[in-house]
Amino acid sequence: MKRSKSSRRWLDEHVNDPFVKRAQKDGLRSRSSYKLIELNEKDKLIRPGMLVMDLGSAPGGWSQVAGGIVGEKGRVLATDILPMGGLDNVDFVQGDFTEDAVFQQILDMLDGRQPDLIVSDIAPNISGVAAADQAASMYLVELTLDMVRQVLKPGGNYVVKVFQGEGSDEFLKDVRSSFEKVVIRKPEASRPRSREVYLVAKGFKG
């Protein structure tokens with residue numbers, strides 16, 4: 001089957017991507033790990049002993065970074081509809097976190113605790129239809145904000161990937177209504193032509 005120009009371009013970029021090569025060398029699960037590493041260096045998000053939740057975690061790039069920082073006295077609770085291999089200091093729930101049974105499983109694992117930080121690098125399966133992809137992306141990030149409002153510790157922090165486009169400004173306002181401070185970051189590991197940015201929201205109002 002002949003590949004489309006866009007898929008060929010992605011493959012060429014991926015093969016030659018310095019962050020892909022670096023991830024392989026450093027033993028990290030994905031190039032996206034470096035996005036969280038950079039965000040953490042700038043915004044001091046993760047500390048040893050913390051409880052972190054990772055929404056849309058597979059293949060585990062962010063959970064791997066967070067688990068390494070929180071250490072044995074901390075914990076990362078990760079969830080995704082896709083399977084994810086085991087990682088140190090990480091508990092994983094497979095399923096759709098908006099479904100009652102999966103949400104209850106997450107609550108059971110929290111056991112009354114509230115996360116200090118919720119992170120999400122979640123993205124929909126891309127269809128190639130820009131308007132549909134943007135709508136799907138905004139729907140997913142709104143679901144992560146719903147989870148934040150249900151379980152995040154007051155004063156806690158939230159990091160989420162957003163694709164700039166229809167609905168993103170309204171989502172930013174919505175996040176700002178629930179947090180003391182929100183900044184927009186574009187990590188070095190984000191591909192230059194990507195519309196993705198990361199909202200770093202601090203001081204959940206509860």
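Every residue gets a Cβ built from N, Cα and C, even glycine.
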Report task. For the S-adenosyl-L-methionine site, Swiss-Prot lists Gly60, Trp62, Asp96, Asp121; sort out which one of Asp43, Asp80, Asp133 goes with them. Result -> Asp80
Query raised in the report: Out of Asp80, Asp96, Asp121, which of the binding-site residues is least crowded by other Cβ atoms within 10 Å?
Result: Asp96
Report summary line: Mapped onto three states, the DSSP assignment of Asp96 (S-adenosyl-L-methionine binding site) reads coil
Query raised in the report: From the Cα of Lys161 (active site, proton acceptor) across to the Cα of Asp121 (S-adenosyl-L-methionine binding site), what is the distance in angstrom?
Result: 5
